[in-house]
Amino acid sequence: MATLFSRPQRRPPLLRQAIKIRRRRVRDLQDPRPPWAQEIEPSSHHLSPEERALLYEEALYTVLYRLGQPEPNHVGESSELLRYLQEAFHMEPEEHQQMLTRVQQLEKPVFCLKATVKQAKGILGKDVSGFSDPYCLLGIEQGTTVSGGSPGLRRRQKAVVRHTIPEEQTHRTQVITQTLNPVWDETFILEFEDISNASFHLDMWDMDAVESVRQKLGELTDLHGLRRMFKEARKDKGQDDFLGNVVLRLQDLRCREDRWYPLEPCTDTYPDRGQCHLQFQFIHKRRATTASRSQPSYTVHRHLLQRLVSHEVTQHQAGSTSWDGSLSSQAATILFLHATQKDLSDFHRSLAQWLAYSRLYQSLEFPSSCLLFPITSIEYQWIQGRLKAEQLEELASSFSSLLAYGLSLIRRFRSVFPLSVPDSPARLQSLLRVLVQMCKMKAFGELCPDSTPLPSLVTEALRAGTVEWFHLKQQHHQPMMQGLLEMGKALLSLVQDIIGDLHQCQRTWNKIFHNVLKIDLFAMAFLELQWLVAKRVQDHIAAVGGSVTPEVGESLFQLYVSLKELYQLGPLPSERDGVLALEGFHRWFQPAIPSWLQKTYSVALARVQRAVQMDQLVPLGELTKHSTSAVDLSTCFAQISHTARQLDWPDPEEAFMITVKFVEDTCRLALVYCSLIKARARDLSAGQKDQGQAANMLCVVVNDMEQLRLVIGKLPTQLAWEALEQRVGAVLEQEQLQNTLHAQLQGALAGLGHEIRTGVRTLAKQLEAGIAKHIQKLVGIRESVLPEDAILPLMKFLEVKLCYMNTNLVQENFSSLLSLLWTHTLTVLAEVAASQRSCPLACSRLKFALQNLEICFYAEGCGLPPEALHTATFQALQRDLELQAASSRELVHKYFCSRLQQQAATTSEELGAVTVKASYRPSEQKLRVELLSASNLLPLDSNGSSDPFVQLTLEPRHEFPELAPRETQKHKKDLHPLFDETFEFLVPAEPCQKDGACLLLTVLDHDTLGTDDLEGEAFLPLCSVPGLAGTEEPGEVPQTRLPLTYPAPDGDPILQLLESRKGDREAQVFVRLRRQRAKQASQHGPRLGR
């Protein structure tokens, strides 16, 4: 029978009105609790044996009397659900069977179908207006089975509910007038006994009231309406029209259904009669379990939820996995059945879930994100009046409890959310978001109105937690022995832990707290910790006093470095609110500075001595040509530079003095190393008979020194001199800086350079004797040997030795060696060339040797650069050898080439000048010379005048052997003679085009009684004569004015070389003539000043 939640009311029989229950009036379906009943409120998620038994009974009862088809992803077999419950409640098989038997003996619940008629759409319009006034009749037909799995046999009958279901079991919705899409949203509770032979019936009718003809005519809108009016006239007055029905078997429904169902017609006249939206839920009334009779439904559901979630979490922990908040299909099925059977609203389900999860979260480990859904659901459906006073108190208590627990976790977040666990940041962020969402809830604001704002609570928790963490760390590092050294090490470990914690706050935690709550965790933690650290450090330094032993000094240095790192983590001075406790902390360590510097030097010196003692002076590899001690020394110096950078003393003047000390110690170590490594080389080579092994060691020593020089040269960069000079610029003068740091460095580099040069010079001396010996042998080889064969022994010697040196020396030292050897080689070549001036063959070989030696020392760009090769000595030797290796005729050519260059460079007509016109006729092979005049000649006679004439010769004579000299007429007493004479020379063009070929114009003063005096010489290059370069005849020939010149008064080197060749008659004749001209010129030298 139908049951309302106030008291049963009898329907008026004429209207057949069903009892309707709107969703807003749905109340608790359970019987009132007896006043003696006590709620189960455990202090934790653990239950007492009695409570566990009552809850187990409730769960078994829920499974045994489940109704409806299973939901998707739910478990359909009850046996599987029973096994899961036995495992979740830790029941032994015997105990489980006893409980199951007892539950089966309990009275069955009253089975009910909670049906909600939501709305319909697209129904037929039965009234004259084209609309209908629909209402629904619904009920459950019990005890009739329909074959074929559906109640289809009655689908064509009208008034199914009226004719098949008793009137007292029939329910009716209200009438919605004039619509084709009615909305009811009415809920009814329909009891039934056996789900297997029960079916749900719903008929939809159009209410027809008695109206006058005038009213009906007023509602007409079209011909269809008129037809409906005639049809109405044939009906009985007040008879309702059938709109359609829905017939469903209960056993085909799920525990919850929410669907649109088509309205079935009674005939095929109008097959499409629209759809009806229905919601179904199978519920229990008068459950026989003790928990259902004594406690609110949501409380029992919460306890069951707590138990199952606790089991789920425990199962995941046993499998070494973390629970992600997803229930197993068995747990989800049981909880769904229980909430449905108890007809819990969504709000009460969310409330139960919140109370269960918020309590479990405080004792079990699972994601806090599981709390977000119930928070959101409660906030969405919150109406304070729908909860009783004890429920409101329970909810407020859960808020306060979770908030306090969350703040305790935040206070201990360093240990609760360690970064060693990958998901710790995400877990902390999730907790903060849950607390933020909870504190934003309307329910929280109404139930906890006096709560402090969450950011303030979290900030205070973080501050207190930071202080607690500091004291825990301090206690953890407390040493067993209370000595100064042990206390210093403990304090250092504490500071390093604090630095590590601040780095974690800066990189990870601060981002989380700032994003969620706008809290600057890093700044707060730094301010708290730096005060605590400063107090501990000052106490420790006061305890140390002036007794700074090396061990204590080392501990203080590490503490200083750590404090500097801690201080640098803090805000910039412009961003600080006040003075930090660590401000000026470096002054606390001033007494320890001498100890630090002495310790640095002592450690470095011991390391250098040990490195040299272990060094076997063997290169480390093909590319690394220095030995192990050089590597150790580089590392040692790098450590000194690192110590200086670590110190980085803030005070400019003191920082400058500290840097001076570091540079002084480094330079001293460099010189000590040079002495030690040379002594090591002497010791190792003392017993060596192989000179090559000794040379190898010397190469390694030189390379080690070069490596040391490179390391020393990097000191300004490594010690940041430029930044230091800028800092002390306002205190110290630039000259003082130069006289200290730079002077020390340059002195050390100069000393190293001297040591390197000495070593390279020793290596060079070993090769110089061999080079000199081979060059001496070069000139003594017989004439039949070719030059390339003659120099072969020298080149092989150099190839072997230089390849060896290149292999064993670094590039800088090898270049220095090459430079020394090149200078020595040039000196030896010059000495040998000077002794062989009269032997062209020997000089030719020396010239060839010089050319090949240049190539050898250049080594295709891998040896000496061109500017180092082409020194003044080289260029002079090259010129001398080129002359000495030339034949006599080649030297004569070179002589006239030099005179032509002298002629071209002469512009002064101090000796006078001659004017000529010269041309060449290729067709006749004739050189035509017109001697026009001379001017400004010197007066060589005693009468103050001269008797000039000009001698014309084609030079060199060996190129024109058949052409005799020509002379002009002699002019008496004329310093400006006008000759105007023409001479023709029959000569081919080829010799005229050679270098040095020229027309020599010798102007003489005729003396009757003695030798003619020389007025001067002029040289006309034949290659410039018109007509000689081509085959065409020259046109107008220009005049050429040639200043007269004298031979060189000091003697020409070419003439000296020719003169040394006594056996060459042609050379001697040429030299004799040129000497005569030079002698004549020297006699008239004083007259040039006229």
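Every residue number used here counts from 1 along the chain in the order it is shown.
Glycine is no exception: its Cβ is also placed from the backbone N, Cα and C atoms.
What TrEMBL lists as domain 'C2' is 92-237 (among others).
Annotated domain 'MHD1' per TrEMBL: 557-677, in sequence order.
Residues annotated as domain 'MHD2' in TrEMBL: 788-895.
If you average pLDDT over the domain 'C2' (910-1035) in this model, you get 90. Per TrEMBL, domain 'C2' is recorded for 910-1035 (among others).
Annotation source TrEMBL lists region 'Disordered' at 1030-1054. Below 8 angstroms of C-beta separation, residues 883, 891, 894-895, 898-899, 902-903, 906-923, 930, 932, 937, 1001, 1003, 1014-1020, 1074, 1077-1078, 1081-1082, 1085 of the same chain, each at least six residues beyond the ends of the region 'Disordered' (1030-1054), sit close to that stretch.
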Quick check on the domain 'MHD1' (557-677): DSSP residue counts for helix, strand, coil, in that order please.
92 helix, 0 strand, 29 coil
Please count the residues of the region 'Disordered' (1030-1054) that DSSP assigns to helix (H, G, I), strand (E, B) and coil.
2 helix, 5 strand, 18 coil
